[in-house]
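Engineer: Okay, so Swiss-Prot annotates it like this:
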- H48: active site, proton acceptor (ACT_SITE)
- Q149, A176, D177: substrate binding site (BINDING)
- E151, D177: Mg(2+) binding site (BINDING)
- R74: site 'Transition state stabilizer' (SITE)
- D88: site 'Increases basicity of active site His' (SITE)
Amino acid sequence: MQSPINSFKKALAEGRTQIGFWLALGDAYSAEVCAGAGFDWLLIDGEHAPQDLRSVLAQLQVIGAYRDCHAAVRVPSADTTVIKQYLDLGAQSLLVPMVDTADEAAAVVRACRYPPGGIRGVGGARASRWGRYPRYLHEADEQVCVVVQAETALALSNLEAIAEVDGIDGVFIGTADLAASLGFPGNPAHPEVQDAILDALQRVRAAGKAPGVLTPVEDLAQKYLAHGAVFVAVGIDTHLLAKQTSALAARFAQVAYS
């Protein structure tokens with residue numbers, strides 16, 4: 001059996017636009033509903049969503065049945081043990097939060113690579129199909145997509161250095177935490193924050209790496225794409241469910257009491 005090729009990593013390297021969707025429900029059943037929707041990629045959120053290793057595994061399994069949809073996973077932190085566990089589950093693309101410096105980015109890359117280029121521990125796991133991919137240890141490093149999140153003022157000051165780290169495939173701008181870091185908590189739409197986001201997208205692209213971002217606002221998604229974003233998540237399952245169920249209930253409440 002041949003180790004799988006990471007189509008998402010290839011698309012980022014080629015600068016091909018990838019439209020995605022955020023999974024925060026922590027549920028494989030709803031993840032499969034989204035996997036068939038037509039998105040290029042889905043992000044399984046292990047930082048803010050109620051996840052554990054088994055819930056992430058279940059979502060990787062159901063999304064894996066949809067060949068045109070790639071599963072990426074956000075780890076809860078840059079902890080090397082956590083990164084190893086998520087990679088062993090079979091995640092090929094990781095999003096690592098709160099990376100502020102080039103040294104931190106380089107440490108993330110090392111955690112994702114086997115020796116001698118890194119420190120990832122070797123063990124029989126789903127990623128190698130329990131040894132059925134005979135060359136997995138030799139091929140895995142080239143197929144792991146490493147994306148780090150720049151989401152503080154400090155990260156923006158180090159953006160080029162972070163992007164230029166060998167092994168970093170993309171830099172994702174975390175708009176909510178960035179807004180808080182810049183003094184506008186809860187207001188990523190503030191003009192100063194938006195200017196910083198657009199500037200960051202262009203700087204990452206100029207450094208030769210793929211910039212990414214998340215927004216459930218369609219006009220902003222289009223703006224980010226126009227300013228160089230390569231991979232954009234255009235919605236969140238929890239946000240969409242809350243918004244649409246509230247709107248539906250409100251419409252029928254008006255009918256009931258009219």
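Just so it is clear, glycine is given a Cβ too, placed from its N, Cα and C backbone atoms.
Surface or core, plus neighbours and distances: that's what I need for these features.
Structural biologist: Taken residue by residue with DSSP, H48 (active site, proton acceptor) is part of neither helix nor strand, so it is coil.
In the three-state DSSP classification, D177 (substrate binding site) falls within a helix. Residues within less than 8 Å, Cβ to Cβ, of D177 (substrate binding site) and separated from it by at least 6 positions along the same chain comprise M98, E151, T152.
Around the Cβ of E151 (Mg(2+) binding site), a 10 Å sphere holds 23 further Cβ atoms from the protein chains shown.
There are 26 other CB atoms within 10 A of the CB of R74 (site 'Transition state stabilizer'), with all protein chains counted.
For D88 (site 'Increases basicity of active site His'), applying a Cβ distance below 8 Å and a minimum sequence separation of six or more within one chain yields G123, A125, R126, A127. Following the DSSP three-state reduction, the secondary structure of D88 (site 'Increases basicity of active site His') is helix.
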Engineer: What kind of secondary structure is Q149 (substrate binding site) part of, going by DSSP in three states?
Structural biologist: strand
Engineer: If you count other C-beta atoms within 10 angstroms, which of the recorded positions H48, Q149, A176 is the most crowded?
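Structural biologist: Answer returned by the neighbour count: Q149.
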Engineer: Between the Cα atoms of H48 (active site, proton acceptor) and R74 (site 'Transition state stabilizer'), what distance do you get, rounded to the nearest Å?
Structural biologist: 9
Engineer: Measuring Cα to Cα, tell me the gap between A176 (substrate binding site) and R74 (site 'Transition state stabilizer') in whole angstrom.
Structural biologist: 15
Engineer: The record lists Q149, A176, D177 as binding substrate. What's the largest Cα to Cα distance among them, in Å, rounded to a whole number?
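Structural biologist: Max span of the substrate binding residues, Cα based, is 12 Å.
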